Amino acid sequence: MAIATFSFVAAALLVASAGAMTDNSATVLSKAMKTMVASDFVYEPLVKNSDVNSSLSQPRMVEQWKALEGQGIAQSYFKLGACSLRPPHVHQFAAGLLYVISASNLSVGFVTNNGTAVTNYISTGASTLFPQGLIHYQQNLGCNTATYTISYNSENPGTQVVVPALSKLPVFGASLGLDANSSKSAMSSVPAAPFVDSSDPLCVARCKLSGPVPAAAVGGR
Ligand SMILES: *[C@@H]1O[C@H](CO)[C@@H](O)[C@H](O)[C@H]1NC(C)=O
Ligand SMILES: *[C@@H]1O[C@H](CO)[C@@H](O)[C@H](O)[C@H]1NC(C)=O
Ligand SMILES: *[C@@H]1O[C@H](CO)[C@@H](O)[C@H](O)[C@H]1NC(C)=O
Ligand SMILES: *[C@@H]1O[C@H](CO)[C@@H](O)[C@H](O)[C@H]1NC(C)=O
């Protein structure tokens with residue numbers, strides 16, 4: 001019985017390794033990869049932001065980086081200014097694994113399927129998970145710029161920023177319980193930028209920032 005089990009396992013391993021070899025052309029070497037040179041396996045961001053205090057997102061997804069094709073993986077690099085918010089968004093096709101390169105207090109959170117908020121305050125060296133398809137955010141409550149990466153288990157994670165997306169629908173105001181006038185003013189206050197600066201009044205005061213003081217409105221401004 002033990003011998004039979006052993007040879008079954010050995011046979012399975014042989015089949016698996018043979019399979020892995022014949023699979024090379026389909027998985028390890030994507031169509032695009034066959035024509036690639038060594039430097040194509042290194043990603044150099046096109047958008048470089050030298051202002052240390054302003055926010056920046058540098059996606060390294062298949063759209064920007066062909067080597068990822070067929071690999072089911074991607075990454076983004078973020079720089080989030082003091083008191084800035086990366087507003088609630090979802091990745092329809094991937095979970096996100098955030099790693100903090102440098103932050104004193106990064107507020108991160110998501111809402112579970114049953115409507116429970118999960119929030120944490122993390123700092124340099126920590127990792128946190130955003131489950132696939134759930135609304136989540138990052139907010140820098142520290143007075144120095146936060147830097148972090150997020151890795152995704154898809155080469156094309158898909159990103160939809162919740163409030164701007166919602167504001168495109170004719171039922172935006174109605175879904176917030178607003179009358180027509182309030183709905184119009186809420187819509188005009190939805191930030192277009194990918195980041196919301198001065199997103200937390202206590203943080204702005206603590207860090208003595210001179211930027212715009214946030215007003216209570218839809219979208220976090
Ligand atoms: C960036 O922010 C830090 C901390 O608030 C400040 O000391 C520094 O002067 C800022 N640097 C620039 C270039 O604005
Ligand atoms: C981070 O900010 C939150 C919210 O203001 C606060 O409760 C927490 O104590 C802060 N953590 C650190 C390490 O400063
Ligand atoms: C939602 O899930 C959380 C965590 O699993 C649980 O603690 C909570 O009771 C649940 N809430 C509802 C309304 O089911
Ligand atoms: C909406 O604004 C218009 C024009 O400013 C005003 O006449 C109207 O009374 C307002 N409606 C409500 C429900 O506040």
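We count from 1, first residue shown onward.
For all residues, glycine too, the Cβ spot is worked out from N, Cα and C.
In TrEMBL this protein carries:
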- 1-20: signal peptide (SIGNAL)
- 54-184: domain 'Cupin type-1' (DOMAIN)
- HIS89, HIS91, HIS136: Mn(2+) binding site (BINDING)
- HIS91: oxalate binding site (BINDING)
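Sequence features, as recorded in TrEMBL, placed on the structure.
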residue	record	Cβ within 10 Å
HIS89	Mn(2+) binding site	20
HIS91	Mn(2+) binding site	23
HIS136	Mn(2+) binding site	24
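Other residues of the chain with a Cβ within 8 Å of the Cβ centroid of HIS89, HIS91, HIS136, the Mn(2+) site, are PRO88, VAL90, GLY96, PHE110, PHE130, LEU134, ILE135, TYR137, THR159, GLN160.
Taking the domain 'Cupin type-1' (54-184) as a whole, pLDDT averages 96 in the prediction.
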